[in-house]
Amino acid sequence: MSLPRTAKVPFGGDYNPEQWPEDVWKQDHRLFDAARIDLVTVGVFDWALIQPAEDVYDFSLLDRIIERAGTQGRGICLATGTAAHPPWLAKAYPEVTRTDFEGRRHRFGQRHNSCPSSPVFRRLSTELARRVAGRYADAPAVVAWHVGNEYGGACYCELCAAGFRDWLRRRYGTLDALNAAWYTSFWSHTFSDWEQIEPPSALTEHWRGPDHTAFQGITLDYLRFSSDAMLTNFRDEKAAIRESSPDLPVTTNFMGMYRPIDYHRWAPHLDFASWDNYPPDDGSAARMALTHDLMRGLKDGQPFWLMEQTPSVTACRDVNPLKRPGLMRLWSWQAVAHGADAVLFFQLRASRGASEKYHGAVIGHAGRADTRVFREVAELGAELERFGPVSLGARTPARVAMLFDWDSWWALEISDGPSRLVRYQQVVLAYHRALWEAGVDLDVVAVAADLSGYDVVVAPALHMLKGDLPERLEAVAARGGSVLTTYLSGRVDENDQAFLMDVPGPLGQLMGIRVDEWDARGPEVVNPVRLGAGADRFDVEARLLFELVIPQGAEVLGTYQADFYAGTAAVTRNSFGHGHGWYVAAGLDQVGVSWVVRQVLARHDLLGPYPDVPELESALRIAPDGTRLLFLLNHRVEPVEVTARTGGVDLLTGDRAETGQSLRLPAYGVVVLREDR
Ligand code: GLA
Ligand code: ZN
């Protein structure tokens, strides 16, 4: 099973009419028509509404909401309503609230507040999903199920501790195996009874951050357990839905690069991926591209839904800037360019009260259609209507893959040493930016993904090596591909234990190097790295981490320029089979990273159509019928003019462009060129 069947890219979003009087609903739907909104996500936080007491279910209001949306011709993404539990539940069963890392049992309130291991929560949330699905499975308007909402956080209560022990028993079988995996001979941690095992906690001497302690083995497994515990909640609800709805696709909305949940472990259990895009600032174009690609990679390149984005402002941040005119449209098309088969907002009408009353909405408190935000939404709605179904199911023909690995992220960041300043996401973002600026179509994939179709595999900070990954990376190079990795890669096995061999462990043969020492320095310390050869040599800056590389056959393409290791290798390329292993041993600045990445891409002739036009993004999708859609997105406030590389029709204007003819993109402009066959 895959994506919901829709006639075009669904457009709409979260709709909470239970928050306002019914006479407003008429106005809502009139405005939805004006904005071409054809999909509403309903019921995300409806638990208290539909189950006002343990033995009372009352669907009367939800019936009317769903009935109305249906008769107005709108599709419904129907939530199970379990995203926040009601007060009566917390009062009757205090076990359902979470306990935090500091050991404090939370009182009732907010959301993300349910203990994933609580049998009561599990039973009642599953029952709610069962009843919602049972009641509405045959409602013709319902096109998809939305389980929970933005699963996340963690709980450290006694029930979770017990769940953790069960999880550990399943993973390790014996205490001997667990002791070996956790390396408990260190600091007298050897366990002789499962009951001695406790979750990591701030109530220990060496706690290091909001979710980890210096006891790395247990911390890493608790992160894995927490992600799995919430996955069990999702799966429970999905199974309950399946009892009455065998065919409708099920999803839950993810959050992109969200550290607490290993989305790769979740992905097989979702019928389609969806996610909520709330970039940190308006300079996030590259980051959003990466996150879209990561979400598309969850289901093997299958398109995803953009489940939420704000039409204008967020509310939960200290400062909530407004999306400039044109930006919402541009970012919506960016999502489509990267594989979104739905464009949805949070939210359609603004809450009147509570913490999101100032959150942006398609319809504000005054209910006007003559606002800038409504107008831009309505224009996009009309544009998507004209665009029709052409992009549905289209795939990205990527020949470059970037590996993304939650285990490596966790292991790197819970580690004591070499440096807390090296952050996994920052390393990934730097390598991604270089690829993005080069206009490369990219898949961001799990380390377990099939790599046999890629010419280039980029693996930034691949700290942990699991299973046969080293062999599969070697195979990429052996058949003529390029593998690029960086400092702090190949350090630990799946138990977070160092390999008893030279760094970078099992990647050593492929990289043709060994690393004997490494030097971590504060951000103020720069060691210049000289790149290139002959007259083309130039220096870039390197910071934070400097590995001392001893080539074992690799060619040196960059050298440190300072300190006692001046003149030694910082960037290397090794011939391996018909291809190459590239190693970057230090935290190069963006210019340096881009130079390395472009060297790799050039060998495979993989630069995008406009690699030298700043912030002009290009992305290709190929529809099931072979139609090639080239998306061009101008992220700058200045217009840009480029030459069409192939003839085609801009599906947003209907204008033809011939090969070699000039294409003009205004500030924040978008072209979707249907290329001639
Ligand atoms: C998240 C949630 C929504 C809403 C928005 C606000 O994405 O899923 O319920 O709170 O944030 O930005
Ligand atoms: Zn718990």
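The backbone N, Cα and C atoms fix where each Cβ goes, and this holds for glycine too.
Just so it is clear, the model here is predicted, and its values are computed rather than measured.
The following features are taken from TrEMBL:
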DOMAIN    14-386  domain 'Glycoside hydrolase family 42 N-terminal'
BINDING   ARG111, ASN149  substrate binding site
BINDING   CYS115, CYS155, CYS157, CYS160  Zn(2+) binding site
ACT_SITE  GLU150  active site, proton donor
ACT_SITE  GLU308  active site, nucleophile
DOMAIN    398-606  domain 'Beta-galactosidase trimerisation'
DOMAIN    621-675  domain 'Beta-galactosidase C-terminal'
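Positions of TrEMBL features highlighted on the structure.
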residue: ARG111; record: substrate binding site; Cβ neighbours (10 Å): 14
residue: CYS115; record: Zn(2+) binding site; Cβ neighbours (10 Å): 28
residue: ASN149; record: substrate binding site; Cβ neighbours (10 Å): 23
residue: GLU150; record: active site, proton donor; Cβ neighbours (10 Å): 19
residue: CYS155; record: Zn(2+) binding site; Cβ neighbours (10 Å): 27
residue: CYS157; record: Zn(2+) binding site; Cβ neighbours (10 Å): 22
residue: CYS160; record: Zn(2+) binding site; Cβ neighbours (10 Å): 23
residue: GLU308; record: active site, nucleophile; Cβ neighbours (10 Å): 22
When DSSP states are folded down to helix, strand and coil, where does ARG111 (substrate binding site) land? coil
Reported as an integer number of Å, what is the Cα distance between CYS115 (Zn(2+) binding site) and ASN149 (substrate binding site)? 15
Out of the recorded positions I have (ARG111, ASN149, GLU150, CYS160, GLU308), which ones have their Cβ sitting under 6 Å from ligand 1? ASN149, GLU150, GLU308
In DSSP terms, helix, strand or coil for GLU308 (active site, nucleophile)? strand
For ligand 2, the recorded positions of CYS115, ASN149, GLU150 whose CB is under 6 Å from one of its atoms are CYS115
Reduced DSSP state (H/G/I helix, E/B strand, rest coil) at CYS155 (Zn(2+) binding site) is coil
Relative to the mean position of the Cβ atoms of CYS115, CYS155, CYS157, CYS160, the recorded Zn(2+) site, which additional same-chain residues have Cβ within 8 Å? ARG98, THR99, PRO116, SER117, SER118, TYR156, GLU158, LEU159, ALA161, GLY163
Distance between CYS155 (Zn(2+) binding site) and GLU308 (active site, nucleophile) at the Cα atoms, whole Å? 26
Pairwise Cα distance for CYS160 (Zn(2+) binding site)/ARG111 (substrate binding site) [Å, integer]: 18
Could you count the residues of the domain 'Beta-galactosidase C-terminal' (621-675) that DSSP puts in helix, in strand and in coil? 0 helix, 28 strand, 27 coil
One of the recorded positions ARG111, GLU150, GLU308 has its Cα closest to the Cα of CYS157 (Zn(2+) binding site), namely ARG111
